[in-house]
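A.B. asks: Okay, so Swiss-Prot annotates it like this:
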BINDING   His58  O2 binding site
BINDING   His87  heme b binding site
DOMAIN    1-141  domain 'Globin'
MOD_RES   Ser3  phosphoserine
MOD_RES   Lys7  N6-succinyllysine
MOD_RES   Lys16  N6-succinyllysine
MOD_RES   Tyr24  phosphotyrosine
MOD_RES   Ser35  phosphoserine
MOD_RES   Lys40  N6-succinyllysine
MOD_RES   Ser102  phosphoserine
MOD_RES   Thr108  phosphothreonine
MOD_RES   Ser124  phosphoserine
MOD_RES   Thr134  phosphothreonine
MOD_RES   Thr137  phosphothreonine
MOD_RES   Ser138  phosphoserine
Amino acid sequence: VLSSTDKSNVKAAWDKVGGHVGEYGAEALERMFLSFPTTKTYFPHFDLAHGSSQVKAHGKKVGDALTNAVGHIDDLPGALSALSDLHAYKLRVDPVNFKLLSHCLLVTLASHLPSDFTPAVHASLDKFLASVSTVLTSKYR
């Protein structure tokens, strides 16, 4: 459960991301594909090369979904219901992949926002991404 401090930390950190949301989303995807090659199996139709327009476009989708989640931090199930359906019923993404992407997002944010990425902010973002992952995998049960 996200505390009021966690919510404030997440919102403040996401404000710092600002217009870089697509760029950071794409970078996190690239990190995931390089660090966890099995995740590539969900993107057989993508050009996964560095700087690929398809990875950039999907990174923007990921970033925009997280921006939506931050904006609806008190109702993540409502905000992410359609995405949960998509990933559970159509794409059938293995739930572990959300944890892998979350880790890569944390690394990406830490590398771009080092002075803002305090231990407290890190913990809050980790809890937030875990909450998002839980919602996205809730329809699997």
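For all residues, glycine too, the Cβ spot is worked out from N, Cα and C.
Could you place these features in context, so I can see how deep they sit and what lies close by?
C.D. replies: Cβ neighbours of His58 (O2 binding site) (same chain, under 8 Å, six or more residues apart in sequence): Gly25, Ala26, Leu29, Phe43, Phe46. Annotation note: His58 (O2 binding site) sits in a helical segment as assigned by DSSP.
The secondary structure of His87 (heme b binding site), as reduced to three states from DSSP, is helical. Sequence-distant neighbours of His87 (heme b binding site) (same chain, six or more apart, CB under 8 Å from its CB) are Val93, Leu136, Thr137, Lys139, listed in sequence order.
Averaged across the domain 'Globin' (1-141), pLDDT for the predicted model comes to 95.
Under DSSP, Ser3 (phosphoserine) is assigned to coil, being neither helix nor strand in the three-state scheme. Close to Ser3 (phosphoserine) in the fold, though at least 6 residues off in sequence, lies no residue with a CB less than 8 Å from its CB.
Shown in sequence order, Ile73, Asp74, Ser124 are the residues of the chain, 6+ apart in sequence, with a C-beta less than 8 angstroms from the C-beta of Lys7 (N6-succinyllysine).
Lys16 (N6-succinyllysine) falls within a helix when secondary structure is assigned with DSSP.
Around the Cβ of Tyr24 (phosphotyrosine), a 10 Å sphere holds 22 further Cβ atoms from the protein chains shown.
Ser35 (phosphoserine) falls within a helical segment according to DSSP. Counted within 10 Å of its Cβ, the other Cβ atoms near Ser35 (phosphoserine) come to 12, all protein chains included.
Within the same chain, residues at least six positions away from Lys40 (N6-succinyllysine) with a Cβ under 8 Å of its Cβ are Phe33, Leu48.
Ser102 (phosphoserine) carries a helical DSSP state (H, G or I).
If you take the C-beta of Thr108 (phosphothreonine) and look for same-chain residues 6 or more apart in sequence within under 8 angstroms, you find Tyr24, Glu27, Ala28, Arg31.
Ser124 (phosphoserine) counts 22 other C-beta atoms within 10 Å of its own C-beta, drawing on all protein chains shown.
A 10 Å cutoff on Cβ-Cβ distances gives Thr134 (phosphothreonine) a total of 15 other Cβ atoms nearby, all chains included.
Reduced to three states, the DSSP call for Thr137 (phosphothreonine) is coil.
Same-chain residues at least 6 positions away in sequence with a Cβ under 8 Å from that of Ser138 (phosphoserine) are, in sequence order, Pro77, Ser84.
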A.B. asks: Could you give the Cα-Cα distance between Ser102 (phosphoserine) and Lys16 (N6-succinyllysine), in whole Å?
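C.D. replies: The Cα atom of Ser102 (phosphoserine) is 18 Å away from the Cα atom of Lys16 (N6-succinyllysine).
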A.B. asks: Identify, in sequence order, the residues in the chain of Lys16 (N6-succinyllysine) that are 6 or more apart from it along the sequence and have a CB within less than 8 Å of its CB; answer 'none' if there are none.
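C.D. replies: In sequence order, the residues whose Cβ lies under 8 Å from that of Lys16 (N6-succinyllysine) (at least 6 apart) are Leu113, Asp116.
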A.B. asks: Taking just the CA atoms, what is the gap between Ser35 (phosphoserine) and Thr134 (phosphothreonine) in Å?
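C.D. replies: Ser35 (phosphoserine) to Thr134 (phosphothreonine), Cα-Cα distance: 22 Å.
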